[in-house]
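Participant: Quick one: structure below, then a few questions.
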């Protein structure tokens with residue numbers, strides 16, 4: 001239970017607080033519109049759909065205030081790097097920013113659905129009350145505003161039958177038109193954010209996601225039309241709706257104690273909720289733009305097997321930490337698209353590098369403009385211009401905060417650990433640096449043998465360095481080949497007894513299949529009693545779920561026992 005709190009407790013606490021605030025806002029505003037005296041006559045027209053429209057609107061304000069904050073990367077990096085305001089546990093929550101961003105987005109979708117459906121019923125009722133009701137209180141309330149000295153309650157002013165009347169309200173009123181626009185934007189944003197679209201058609205995801213600009217502008221002015229109207233405070237003192245509703249035919253007569261009720265619209269409130277995050281996000285984008293204009297020089301392009309290539313770059317004033325990532329734009333490929341890549345260089349090196357695997361149109365285009373598809377040597381002046389934004393912090397920055405760590409990379413997901421292992425190598429070369437980190441367990445899972453080649457040299461250098469320092473036990477690594485055929489397996493078996501592995505050239509032999517995580521965690525726990533062991537993953541969600549569960553199951557309830565702390569790259 002103790003490690004469940006360590007790994008999930010604060011996250012669950014944050015989610016429960018967020019859900020609790022949503023429930024509270026929904027309940028509070030539902031009661032305001034379901035029981036409020038100023039909305040007595042509004043309920044006569046709209047029935048229960050008034051409260052069902054306004055309660056989710058309040059929740060929408062709250063969630064739209066939150067949704068931009070998790071993507072303010074510079075703010076999060078600043079908070080993450082400030083030990084004064086962020087403990088390790090808080091930093092680990094900041095690393096889950098995109099998960100929270102997605103949760104908030106789905107909550108916005110839910111409340112938008114409720115809000116829209118409720119307003120569809122409201123519009124139908126208002127149009128019908130304006131055209132079909134005769135002699136009842138709905139007709140009397142709808143006719144208010146037709147004469148001088150009266151204020152209207154029913155915002156459907158033209159007497160048009162449904163569905164023409166409904167379409168007229170939707171496309172001629174400010175609230176209706178902005179509502180249609182922001183709903184369409186939200187549908188496009190959410191549908192293009194699925195994993196399939198992001199992986200296969202990143203450009204679609206990138207461009208449609210920027211509809212958020214239109215969404216927030218429309219959201220800010222959506223309430224300016226003040227279509228939800230209630231009885232004024234002055235009118236409530238003279239006209240008691242609970243009594244006067246029964247005498248609606250005599251309103252305004254000299255002999256009546258019920259003057260004609262007066263109404264006013266609710267002042268727009270949404271902009272007050274979202275103006276702060278919007279200003280913060282504008283500053284965020286200005287900082288990104290400023291950094292992206294700084295000159296970046298590509299010093300070297302290295303082509304690796306398995307359609308992977310490496311860009312080594314320099315930029316004045318660029319400072320990084322292990323495991324951080326940057327956003328890259330290449331105007332020769334696209335003037336607008338930015339793509340995230342983990343830094344594979346170490347802070348000790350005089351350049352910064354990224355490894356890119358060709359998986360889509362943009363990476364294919366970058367591969368070509370960098371000359372990776374050509375056999376001849378590429379002149380430096382022919383290399384494309386690159387814009388870089390970052391670096392930004394990730395969970396891997398905390399690797400050196402533990403005495404023992406487990407690093408798990410799947411495929412190209414090994415890149416953040418390249419930075420970590422390089423930094424370890426440099427620190428060991430410098431005898432003056434004392435490391436808190438005493439033990440690394442490294443696991444790399446790949447489907448294809450070619451994927452091992454570009455990373456094997458780094459492991460071999462580190463392996464030799466540890467032996468020279470008489471600390472060969474510092475790094476334990478296991479490389480797993482998860483995809484192979486029968487002929488490969490036979491070839492590997494024949495060469496199994498050789499001193500070095502036939503695939504990687506390392507002393508540690510390549511393993512086949514997938515790790516038995518139950519056995520691995522049990523062994524590691526027995527080697528490090530009474531320790532906090534950091535587990536870091538860059539890989540798929542299914543593997544993340546497995547490792548997170550392993551961390552929870554293999555941690556002891558006793559605070560003094562062994563605890564596995566799960567961290568996942570998330571960008």
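Using N, Cα and C of the backbone, Cβ positions are placed for all residues, glycine too.
Found this in TrEMBL, in case it helps:
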type     : residues : note
DOMAIN   : 288-398  : domain 'FAD-binding FR-type'
TRANSMEM : 12-31    : transmembrane segment
TRANSMEM : 103-121  : transmembrane segment
TRANSMEM : 167-189  : transmembrane segment
TRANSMEM : 201-221  : transmembrane segment
Participant: I need to check the long-range neighbours of the transmembrane segment (201-221): which residues 6 or more away from its ends have a CB within less than 8 Å of a CB in the stretch?
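Facilitator: For the transmembrane segment (201-221), the nonlocal Cβ contacts are 60, 64, 174, 178-179, 181-182, 185-186, 188-189, 192-193, 268, 270-271, 274-275, 278, 334, 336-339, 360-362.
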Participant: Mean pLDDT for the domain 'FAD-binding FR-type' (288-398), as a whole number?
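Facilitator: Mean per-residue confidence for the domain 'FAD-binding FR-type' (288-398): 84 out of 100.
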Participant: Quick test of the contact rule: Cβ under 8 Å, at least six residues beyond the ends. What residues does that give for the transmembrane segment (167-189)?
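Facilitator: Distant contacts of the transmembrane segment (167-189): 105, 108-109, 112, 116, 119, 123, 126-127, 155-156, 158, 160, 208-209, 211-212, 214-215, 218-219, 221-225, 227.
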Participant: Mind checking which residues reach the transmembrane segment (103-121)? Cβ under 8 Å, same chain, six or more beyond either end.
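Facilitator: That would be 15, 18, 22, 46, 49, 52-53, 55-57, 59-60, 63-64, 66-67, 70, 166, 179, 183, 186, 189-190, 193.
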Participant: Provide the three-state DSSP residue tally for the domain 'FAD-binding FR-type' (288-398): helix first, then strand, then coil.
Facilitator: 21 helix, 39 strand, 51 coil
